[in-house]
Amino acid sequence: MMDFAHWLPIVWAVILIAAITIYVILDGFDLGIGMLFALERDRGRRDVMVNTIAPVWDGNETWMVLGGAVLYGVFPGAYATLLPAFYLPIVLMLLALIFRGVSFEFRVMTRGTAREALWDTGFMAGSGIAAFCQGAILGGVVQGVSVTDGAFSGGPLDWLTPFSVFCGISVTCGYALLGATWLVWRTTGTLEASCRRWARRLAAGLFVGIVAVSLWTPLLHAPYLRRWTDWPNIAFVAPVPVLVVVLGLLLAASLRKGHTRVPFLCALGWFFLCLSGLGITVWPYAVPPSLTLWNVSSPPSSQFFQLIGTAILLPIILTYTIYSYRVFRGKVTEADGYH
Amino acid sequence: MQNAHDIALLLARFQFAFTVGVHIIFPAFSIGLAAYLAVLEGAWLATGRQVFLDLYRYWIKAFSIVFGMGVVSGLVMAYEFGTNWSVFSKKAGPITGVLLSYEVMTAFFLEAGFLGVMLFGMNKVGRGLHFAATCCVSVGTLISMTWILASNSWMQTPRGYRIDPATGQFLPDDWLAIIFNPSFPFRLVHMGLAAFLSVAFAVGATGAWHMLRARRAGAIAGEPVRVMFSMAMWMAAIVAPVQILAGDAHGLNTLKYQPVKIAAMEGDWETEGRAPELLFGIPNMRTEHTDYAVKIPLLGSLILTHSLDGKVPGMKDFPRDQRPPSPVIFFSFRIMVALGVLMMLVGLWSLWHRRNSTLFTSPVFHIVALCMAPAGFIALLCGWVTTEVGRQPWTVYGLLRTSDSAAPVILSSMAVSMTAFVVVYVIVFGSGLGILVRLLARAPQEGEPDTAPTRASDMLATRVHPAVVTFSSGKGA
Ligand code: HDD
Ligand code: HEM
Ligand code: HEM
């Protein structure tokens, strides 16, 4: 029993980080595409951009619902402290996601009326604001939350610091990069060429962001620095900067050479590295700097019951998700006779 | 007494009620419409009749709008438990959070995974596979309803738990007892029927509207319009009476497990046998009396106990601090019941018209059917207000008070977010409703265009659907 109570939270932390990573990558390119509306004004090309994700965005967003639900069921102590702590950015993010989500349908259904521009703007601004809030919340978690007696005890704007704002901007830039490289893969012609151009600049921006956040994070709390330099963690941490640079060079080269799929995969690689680095940094805290995974866990009877279902259902979910991506694979183009 | 903390709590409750009240409309619509679409596509595959395909293509456009609004409003709910009710979610999370996770894994992914194929895949996968996708989405909505109602019902009639003396957390003991708690089966049936009825009346009203317009233009409505009106009226005639029986059973069950809720719904203060039924009245929580009462003798006992001298509970049997606010649920309950009876009458009336072959020609009946468009949704909201306000002052019935459930979010944050929610919801869901009405204002045609036109010019011609482009997949369309 003792062992159970020790291991279950670890297993769940890994599943949760995996779910967050999948969400960030999948909805990352959705939100990125929304933001790229700011750079692409042509309606036909905007339609192509939206149509590369229209059949899959709902499934992508569901990973975020899963993240929330798992936190609620498995780590209720974390759910109950983090959500009040980030009350304002969370509400703002949810409202932004409302605009983003309905705009898929509304922007076409209002075509030719005065309100068409509202929903194009809603799509763009909703995506950008949601991305920024997600980055700021992530940064806010890393920098820590004040907790007394297991409940949030800080003020409503505690999360708002230069560090969290910088994280927000970096994530925004990163999502736009994911979106641009996704479009390089899935579109043709003028749009693809523009995306290659944008992707290069965004990659430079994200690279600066990654470097800055990596240097800044260990300055936030002494334990973070120790976590990175302790054995055996250092064996995992040390190669990360090298990999980041290698992926960056590969990304730049593949964009130049006209590869279609490699740039997207490189961008994914960056996100994967950053999120695993983040996991290693805050481990074993669920709410840094005071509550560990075990402090916030629900009882083993809950975690175990949920684990059984997850072990059975997650592979099934992944299977039909891949199926639905395959149905809509291939380059998307503007329709014949569109002009 | 009204310090900042009390006001913040009030705002948190109001915000939760507002957001969940908006949300529930869309899932109810989705549950009913997804099942209707599955029936239409199945009927088309079985009979090959074009009219079913036309109706499928007509209603799937509305479905895509409604479903989208359900998803975005639901996303808010998944986080609001923590933002507004953090103490509740910390204590009950080991139970309600797990149920919500199962909902995500068994229902939301299923819906989302096959929604793309359902909306855009008609030309990309075979007919059988496409039908399978429609069925998956429909089943997903039903599974979703099942889990969320298990969770809500557990809050109403908790079972299968233990309370951790150290932390006050609810620890799950017996998952079957948690899920199949005493009010769950009743709530599941009643809510499921409510979703079907709401959509039946929405579809029926759309049909009636087009028949009225065709008549004014001196024409006869097309076959798709008549078929959908007829289908909707069959649903009304069959399901409305069943819903009343289900509601009656639900009430008897509540009498057993939450008697004070029934007393408050009925505006009864004294426990008595041979109790009257109040048709109208204004319960006064302070004077412990229901003013201006209009009573029918004996009926109260008859309805609630199915016998003339059965004992009916009164609120005075319960301490003041355990009574729900009777004036709210006295009226919400009566509106729901009145609408239920009205729906049954419309259903019966449709049978009479059917027998006289005037179903498609009676303008009076069509006007009534048109007016009934929102009836199901209003009844459904009134039902939820009755259920949830009737649970007060508890979040977990008898165990955890609402005032002890709230999050440490200060008044100014609550006020800002409440304002933002109202503004955004009015803009977004108001626009959505407008778009929906505009969409339904166009009558379904024979040879209704597909939702995923392969050429943008098709889309621009009909101005009705997304997916403007070809997916020039490897295989070709
Ligand atoms: C189309 C919608 C609709 C219609 C016509 C009715 N109801 Fe209902 N009712 C609901 C939709 C609904 C609901 C939204 O589904 C509720 C809210 C929570 C629940 O369990 O079901 C509900 C709750 C609810 C409750 C509260 C149970 C509790 O909280 O414990 C009772 C006693 C009834 N209903 C009884 C009736 C009766 C006697 C009706 C008919 C004359 C009736 N309802 C018509
Ligand atoms: C979908 C239809 C629903 C509606 C219309 C609805 C309505 C309401 C209303 C009106 C309140 C406020 C009660 C008051 O302040 O007096 C409330 C509170 C609440 N409801 Fe619901 N509810 C719904 C479903 C649910 C579900 C499915 C759950 C849980 C799974 C739930 C959980 C809660 C909680 C936690 C509160 C806050 C505590 C409280 O004030 O009672 N509700 N709801
Ligand atoms: C207050 C508690 C509730 C929460 C936390 C909640 C959460 C959610 C979420 C996150 C979604 C979006 C799923 C997606 O991404 O695809 C959703 C949709 C849905 N919800 Fe709710 N919900 C609540 C109440 C209800 C109730 C009371 C019902 C029905 C009885 C319901 C039925 C559905 C259905 C059928 C869908 C999918 C269809 C649609 O999106 O329109 N929900 N809900």
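Each residue, glycine too, has its Cβ placed from N, Cα and C.
For reference, TrEMBL has these:
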TRANSMEM  B:20-46  transmembrane segment
TRANSMEM  B:58-79  transmembrane segment
TRANSMEM  B:99-122  transmembrane segment
TRANSMEM  B:129-150  transmembrane segment
TRANSMEM  B:188-212  transmembrane segment
TRANSMEM  B:224-246  transmembrane segment
TRANSMEM  B:328-352  transmembrane segment
TRANSMEM  B:364-386  transmembrane segment
TRANSMEM  B:406-437  transmembrane segment
Do the transmembrane segment (B:364-386) and the transmembrane segment (B:129-150) come close, with at least three CB pairs under 8 A (pairs 6 or more apart in sequence)? no
Any contact, the transmembrane segment (B:129-150) to the transmembrane segment (B:20-46), with at least 3 Cβ pairs under 8 A: yes
Per Cβ pairs under 8 Å, the stretch of B:58-79, B:224-246, B:328-352 packing most closely against the transmembrane segment (B:20-46): B:58-79
Best-contacting stretch, by C-beta pairs under 8 Å, relative to the transmembrane segment (B:328-352) and drawn from B:58-79, B:188-212, B:224-246, B:406-437: B:224-246
Ranking B:58-79, B:224-246, B:406-437 by Cβ pairs under 8 Å to the transmembrane segment (B:188-212), which is first? B:224-246
Residues sitting near the transmembrane segment (B:224-246): Cβ under 8 Å, six or more positions beyond its termini, same chain? 36, 51-52, 54-55, 58, 186, 189-190, 193-194, 196-197, 200-201, 203-204, 206-208, 210-211, 214, 340-341, 343-344, 346-348, 350-351, 354, 359-360, 369, 443-446, 448
